[in-house]
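Participant: Look at Swiss-Prot and you will find 4-52, 18-67, 21-105, 29-83, 33-85, 88-95 tagged as disulfide bond, backed by similarity to another entry. Residues or ranges marked as N-linked glycosylation site by Swiss-Prot: 8.
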């Protein structure tokens, strides 16, 4: 088991009206965070689950090839610069137990 840290991951980018899906590598946050669950729980007990999440991020942009005219061919994605354990921030994090793999493509796939 690894504590919260940066790791490379393959993700995918695709859009409507662009015929291909591009897979590429970026950095993500992954690993475990210590959580304490009280032995005695009451209705007033609060439970807070820490997750490994972004501390600092930047955004990079790639251009999807062969998009139809009038389609924005650019895809912007987060790049993790540092990670830490904190409460899940639903505005930019996937806090589900099981989500789809980050490199799922619905269209023809190419790698860069």
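Cβ coordinates come from backbone N, Cα and C, glycine included.
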Participant: What Cα-Cα separation, expressed in whole Å, is found between residue 52 (disulfide bond) and residue 33 (disulfide bond)?
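Facilitator: Cα to Cα, residue 52 (disulfide bond) and residue 33 (disulfide bond) are separated by 6 Å.
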Participant: Kindly assign residue 33 (disulfide bond) to one of the three DSSP-derived states: helix, strand or coil.
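Facilitator: Residue 33 (disulfide bond) sits in coil per DSSP, no helix or strand.
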Participant: Tell me the Cα distance separating residue 18 (disulfide bond) from residue 85 (disulfide bond), rounded to the nearest angstrom.
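Facilitator: About 37 Å separates the two Cα atoms.
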Participant: For residue 83 (disulfide bond), just count the other CB atoms lying within 10 A of its CB, please.
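Facilitator: That number is 23.
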Participant: Check the disulfide-bonded residues 18, 67, 88, 105 for other C-beta atoms within 10 angstroms of each C-beta and report the one with the most.
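Facilitator: Top count of Cβ atoms within 10 Å goes to 18.
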Participant: I need the CA-to-CA distance for residue 18 (disulfide bond) versus residue 29 (disulfide bond), whole Å please.
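Facilitator: Per the Cα atoms, residue 18 (disulfide bond) and residue 29 (disulfide bond) stand 29 Å apart.
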Participant: May I ask you to report the DSSP-based helix, strand or coil state of residue 67 (disulfide bond)?
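Facilitator: DSSP assigns residue 67 (disulfide bond) to coil.
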Participant: I need the nearest neighbour of residue 83 (disulfide bond) among the recorded positions 4, 8, 21, 67, 105, using C-alpha distances.
Facilitator: 4
Participant: Let me know the most crowded of the disulfide-bonded residues, choosing from 21, 33, 52 and counting other Cβ atoms within 10 Å.
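Facilitator: Neighbour-count leader: 52.
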